[in-house]
Number of protein chains: 4
Amino acid sequence: METSKKAQKIGILTAGGDCPGLNAAIRGVGKTAIVEYGMEVLGFNAGYLGLINNDYTELKESQLSGILTLGGTILGTSREKPYKMVKKNGKTDTHKPEKIKKNYKKLGLDCIVCIGGNGTMKTASMLAKEGLNVIGIPKTIDNDVWGTDVTFGFDSAVQIATDAIDRLHTTANSHQRVMIIEIMGHHAGWLALYSGVAGGGDIILLPEIPYNIRSVCKKIENRYEDNKPYSIVVVAEGIDHPKNQTAASHLSEAIQTYTGIETRETVLGYIQRGGSPTPMDRILATRYGAHAAQCIAESNFGTMVAMKNNELTTVSLEEVGSNLRLVQPEHPLITKARKMGVSFGDEYQLIE
Amino acid sequence: METSKKAQKIGILTAGGDCPGLNAAIRGVGKTAIVEYGMEVLGFNAGYLGLINNDYTELKESQLSGILTLGGTILGTSREKPYKMVKKNGKTDTHKPEKIKKNYKKLGLDCIVCIGGNGTMKTASMLAKEGLNVIGIPKTIDNDVWGTDVTFGFDSAVQIATDAIDRLHTTANSHQRVMIIEIMGHHAGWLALYSGVAGGGDIILLPEIPYNIRSVCKKIENRYEDNKPYSIVVVAEGIDHPKNQTAASHLSEAIQTYTGIETRETVLGYIQRGGSPTPMDRILATRYGAHAAQCIAESNFGTMVAMKNNELTTVSLEEVGSNLRLVQPEHPLITKARKMGVSFGDEYQLIE
Amino acid sequence: METSKKAQKIGILTAGGDCPGLNAAIRGVGKTAIVEYGMEVLGFNAGYLGLINNDYTELKESQLSGILTLGGTILGTSREKPYKMVKKNGKTDTHKPEKIKKNYKKLGLDCIVCIGGNGTMKTASMLAKEGLNVIGIPKTIDNDVWGTDVTFGFDSAVQIATDAIDRLHTTANSHQRVMIIEIMGHHAGWLALYSGVAGGGDIILLPEIPYNIRSVCKKIENRYEDNKPYSIVVVAEGIDHPKNQTAASHLSEAIQTYTGIETRETVLGYIQRGGSPTPMDRILATRYGAHAAQCIAESNFGTMVAMKNNELTTVSLEEVGSNLRLVQPEHPLITKARKMGVSFGDEYQLIE
Amino acid sequence: METSKKAQKIGILTAGGDCPGLNAAIRGVGKTAIVEYGMEVLGFNAGYLGLINNDYTELKESQLSGILTLGGTILGTSREKPYKMVKKNGKTDTHKPEKIKKNYKKLGLDCIVCIGGNGTMKTASMLAKEGLNVIGIPKTIDNDVWGTDVTFGFDSAVQIATDAIDRLHTTANSHQRVMIIEIMGHHAGWLALYSGVAGGGDIILLPEIPYNIRSVCKKIENRYEDNKPYSIVVVAEGIDHPKNQTAASHLSEAIQTYTGIETRETVLGYIQRGGSPTPMDRILATRYGAHAAQCIAESNFGTMVAMKNNELTTVSLEEVGSNLRLVQPEHPLITKARKMGVSFGDEYQLIE
């Protein structure tokens, strides 16, 4: 696909789970493309489904006004994965990527901007291999996309989760209870770590750090003896636990059994994904979007925009693949928190 | 117990579940008692437990500064019910009320101000029958205390629940899903009703209005056909549902089964009880507290302070008992909401 | 104008200053009119200007979705007063009311719903006298419309103002300063009173209660001597002050001069008028809107919807006129606040 | 002063203007010093005044609990500059630094942690030169301390300012006005830049970029002609303007004069400095505090903790001095914003 001609017509889509800042990113791409580069911008509906079904609307500048602060995505989203082979009427359906390529050509697109998380970047990378001009923008409240220091959506989710922990604090103190709050994060514990530290959690459990339930209880009992008969336990949903329970209810039962102290659990759930983005997420999403438009103008395709050491840059989509950026157990924030008395559930060597 | 002498020494306690505004109420009682009436004020710890165990601290005016905005209660709370007869070593323990009376006399108290919900008022009423000077202040996020139009804590909980519904809206729209949110309220649906209307819920299910699952699904399907392929269902935890599930997960399963539309559920939980009170809850709690102090000065005992038709008044604690103020199915807010298209799950006559 | 026939076509307009909840009210009128009564709904742009210039758009149900939480008004607003006689090219322009009547007839309107404050109700009342079917809905952050206990917008403004006072508190304490905050309210002090009490203001100055600057300073000095070397002064913009200064800067100078204590002032300004309405304002605006639609269906014209003793009702527009509902100096909230030590600037008899 | 012995007794003070996160930083230093290193921690009251007057209290771990979320500073603050020579009874008072040194020795301090902005770091640097062990922690909502990428307090202030801009947006649109908002920042425009971009400001004026009023008006007029008859102007207080006006009122007058479009101004003021810190500011302040304690343990004195490329590090206090970190006119965020159509007031070459 020749890249020497000036890009004139681009598409945007948002894929994967909801996340604050999607509209800010769409606006960033679209306004820059229109105002600075005079491009035509198409918005594809419902993620990759829109590309497959040629379902799109043209985005004029006026439609990009007033969406900076809106949660959700004006384009809709879906978890459609066009390269996932599915049986259809007994036969494997291999036509989705073909449909995408056909629509891409038919519309005369010069680039597709794919805004999403790990799965979205993986698909974007495969489309790039097929010869399409693709640029990725990393979003996810989990902050676990490889190749960038930060994704938009994370700051907003930290705010929501921390606000919830703040609220539980007053109840924990007033009732002298152990309050357990389960935070999103199947594989990566960034959200639990940041909201746990910001919310003053006494115990923070992450998927990346195997915990020992007796160690957790010991911390709670030590606090109790130290005249602090309440504790806040912040736990990522992805920690080791029986599959027929939530992480929170598993911990709640275990703690109550071992310590005899009253416990209550809260599973924060989908409210972490919605609502107006924080100012910092608006700025980050805007910068990512604007940078993606600039990359198109510079024919820098097959890349994902990224932030490294506070500088906007790009990484190869192939490198990003579907790699996860996990929390390192020796992350400085963990080390600092441990020194202030926060437990990560792995402190005590216990002989059962 | 003579009431003609001027009250000089009073106690305050907070009992039952946590609720925004408890500290504002304590401050209202205490500041008025100290500044206006020159009383001595004792704060009993952990609800009625403090009265039973003579566990208290004197509250000076300086300790009442800066607590107006604080969530929780500086006195702590508990669900202790002194009149609940419990077997202890094989014998029924009838000594708790006796201990309370003894401590009340020993300390030379002129009145106890009991801040709490229905259970707390019931106990307060029984203590009043035993001859103690008692004044109740109604608090609960459920807004279901008999004898008053409103309890403090409700406005704050409506705010928290509505904020959560707002966040789910963006995700529902972006993903074209049915989002179900479970709101506190075992018996009374006030919180689900108010947050449901304020949050623009499409279906609102209350304990007071029996719902039909097919009617709920019909509403969702009608919206789908009307090009609104997403719905918000706001449900009180106390609606009819199997005991091995939450109300939300029961509904979620049923809706997905009947309609085939993707559903997600959120149980909001304890965050509805905590955190800084809204301005209106601060004002209400302050007024209740100040009025309780005035009632003491006027020897208006055995009563609960209340708001009726926007006026501060008192009702007999005996009348309050543990009666519940439930939502009337013909409540004007429900009637209005129905006319705007909101479903309460009981609209359609369906032949199974 | 015959009112026996069923109303079929109505207009809505929003006039006067911005206020949270306008869109919720528009939605309440529109959805009820369309869903329940099958009416056609026109939205007039920019308040009475739209009526004068026949500038309107039809509002379909889909346009009323998603606006419940939006600040501002989708119809725009203006301060246009059609009965205010203005010289135009040397002649008095009396044509505006004539134009309104002509457009009303030409469009075949059955009623105009006017959402606004005192000025808007005055105009609505005059249009009703001319024979138009008019219904008013009271909005204003000032809460000073005659004939109703409460206007929507007030609760949101109290929240914003209280949040600001909360922020000043921490700075006042940390710096040991007198912080003065000026709140909107030219004639009525409701907003300063409620946010002042909710924010724990030490001194609250209202247009309705003449203050004595020496009395204000005495309170500050008493606090200083009482080991509270900081004070929060909440002041309505409409208190007596020189016209070349803001109320806040006048007080600031005077207090610093008399007491020698460092003072800082903040004029909160327009942020009190904007942004998403609180849940309670959304509910109130929705109820008002839905009730207005019902009044149309019942041919209850020439009235303003109102809340009295927590019940929806109507009052005659003529009675409302442009009367103001001011704070009574003996308002129970003031009396209670005084007993807790709050100063209203009039306590001390001082001989100069 | 020997630094080989293990530090055992340290002091903390907070100086300069109020800023969200001060208590989080105090807690970070204190908890780490006590829990990890077993040090004794003294809190000096009212900034450098406490050091001069030997006014302090010991901080136990229990006093550091529950302050993470509190705005303000539990230690109080002041703008006292001990090296500023003042005439006292006709003589220059040179005794303050001497008093500090005397108290430092008398108390047997091993280090003083000074939390503050540029002025505070300058003083800290001078105390270090006199031989005291000093460590600085950078705080300021202005984000302009030399030697670090970010100061705590900034994220919170961006949030407050952006929230205010969001509110003005709805009013600007509804009234078709130009809304001008003045943001703190005498020398550095970071806060105006970030909140301006996050709030979707149309024109952003910074002290670092000289503006042309005709260029500002041209942008407003272009928007007007482009069917956007409203504009948001975000302006740092430190832009060039006559000294007898605020920056906002100067602009307001000029814009109204040149364009004839209605304008309104808001000076946000002290609310930008107060209230509970955002989660990210709590984390940053905690990390800075904990790192300062670690520096003490490692005898890394005469330094300021800092964040560079997302890594905690230290810089020499001497280097920091009172240098300011200003916004570069070619900052990537500015470049990106320009491409999206944001004006910085310097775009048009105008012949007057």
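Just so it is clear, glycine is given a Cβ too, placed from its N, Cα and C backbone atoms.
As written in TrEMBL, here are the features:
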type     : residues                                                                                                                         : note
BINDING  : D:Asn118                                                                                                                         : Mg(2+) binding site
SITE     : D:Gly119                                                                                                                         : site 'Important for substrate specificity'
BINDING  : D:Thr140, D:Ile141, D:Asp142, D:Arg177, D:Met184, D:Gly185, D:His186, D:Glu237, D:Arg264, D:Tyr270, D:Ile271, D:Gln272, D:Arg273 : substrate binding site
ACT_SITE : D:Asp142                                                                                                                         : active site, proton acceptor
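It is D:Arg273 that, of the binding-site residues D:His186, D:Arg264, D:Arg273, has its Cβ surrounded by the most other Cβ atoms within 10 Å. Under the three-state DSSP scheme, D:Arg264 (substrate binding site) falls in the strand class. Within the set D:Thr140, D:Ile141, D:Asp142, D:Arg177, D:Met184, D:Gly185, D:His186, D:Glu237, D:Arg264, D:Tyr270, D:Ile271, D:Gln272, D:Arg273 that the record links to substrate, no two Cα atoms are more than 33 Å apart, and one pair reaches that distance. According to its DSSP assignment, D:Gly119 (site 'Important for substrate specificity') is helical.
Less than 8 angstroms from a Cβ of chain C: among the recorded positions D:Asn118, D:Gly119, D:Thr140, D:Asp142, D:Met184, D:His186, that describes none of them.
A helical conformation is recorded for D:Ile271 (substrate binding site) in the three-state DSSP classification. Remark: D:Ile271 (substrate binding site) has D:Ile160 as non-local neighbours, by Cβ distance under 8 Å and separation of at least 6 in sequence. Long-range C-beta contacts of D:Asp142 (substrate binding site), restricted to its own chain and to partners at least six residues apart, with a cutoff below 8 Å, comprise D:Gly117, D:Thr151, D:Phe154, D:Met184, D:Gly185, D:His186, D:His187, D:Ala188, D:Trp190, D:Leu191.
According to DSSP, D:His186 (substrate binding site) is assigned to coil rather than to any helix or strand. Under 8 Å, Cβ to Cβ, and six or more positions away along its own chain, the residue listed as 'Mg(2+) binding site' finds D:Thr140, D:Asp144, D:Val145, D:Trp146, D:Ser322, D:Asn323, D:Leu324. Annotation note: D:Thr140 (substrate binding site) sits in a coil segment as assigned by DSSP. Take the CB of D:Thr140 (substrate binding site) and look out to 10 A: across all protein chains shown you find 26 other CB atoms. Using a 10 Å Cβ-Cβ cutoff, D:Met184 (substrate binding site) registers 25 neighbours. Around D:Gly119 (site 'Important for substrate specificity'), the same-chain residues six or more apart in sequence whose CB sits under 8 Å from its CB are D:Ala15, D:Gly16, D:Arg79, D:Lys81, D:Ser322, listed in sequence order.
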